[in-house]
Amino acid sequence: MSESNHPVIEFDHVSKIYPNGVVGLKDIDLTINQGEFVVVVGLSGAGKSTLMRAINRLHDISEGDVRIDGVSITKAKGKKLLNIRRKIGMIFQSFNLVNRSSVLKNVLTGRVGYYPTWKMVLGLFSAEDKQRAYDALRTVELEDKVYTRADQLSGGQQQRVAIARALTQTPTIILADEPIASLDPQTTKRVMDDLRRINQEMGITVVANLHSVEVAQAYATRIIGIRAGQKVFDGPVAEATDEIIASIYSGNEQEVS
């Protein structure tokens, strides 16, 4: 599926200042459209993870507004906030799986926002949602691991289970916060290929934080450079020249992400 001009993520003069006075984000204006594959790059502590976590409000911002599909997640509360977050799948560097549970049970937790707590505890998922989980595992080519315990999988397989979990959520957006940081090159390619296929074939908007500029240039349609909490570059991959990349990574930022 191709990109559209429909904005799914909007930052309107967004700033984040931590209680200790450290500036996480400074006056960020940003629009990401449906179907884009955006990679955010910058030094550790530049604010990449802060930006990512502002999208689904894992971090509250200090100023400005963040909108998802035109609706303010900054101002949302209760059920309205839950409904917005249902649209946003999240993949973490640390996988965040329940090691002693099966792959299937882990993937089904992607439906947590659709069930009352007691049904989740008892594992009372509908046949339709179980099919969603199987389909998601098929997408990442792990359908043969349905009943395998998560802690019996390799790191790359665990990250692909995390991708399947995000897919089971039926999101319009997937956020990937350093998804390949602990993976070897071969496994990195597998995970990034999965994300690109999901983006291209399903039309799901992908926003990823990556340390590797080479991987970013290989997979992104657009690169955003963050330095000291500020957006210093935003454009197509072809415009991210060596000089621009060097400027994004210049300086010595304090850890804030």
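Numbers run from 1 along the shown chain.
Yeah, the Cβs are placed from backbone N, Cα and C, and that goes for glycine too.
Listed features, source Swiss-Prot:
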| type | residues | note |
| --- | --- | --- |
| BINDING | Gly42, Leu43, Ser44, Gly45, Ala46, Gly47, Lys48, Ser49 | ATP binding site |
| DOMAIN | 9-253 | domain 'ABC transporter' |
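Of all the binding-site residues listed here (Leu43, Ala46), it is Leu43 whose C-beta has the fewest other C-beta atoms within 10 angstroms. Around Lys48 (ATP binding site), taking its Cβ as the centre, 26 other Cβ atoms fall within 10 Å, counting all chains. Minimal Cβ crowding within 10 Å, among the binding-site residues Gly42, Gly45, Gly47, is found at Gly45. The binding-site residues considered are Ser44, Ser49; of these, Ser44 has the fewest other C-beta atoms within 10 angstroms of its C-beta. Across the domain 'ABC transporter' (9-253), the prediction's mean pLDDT works out to 92.
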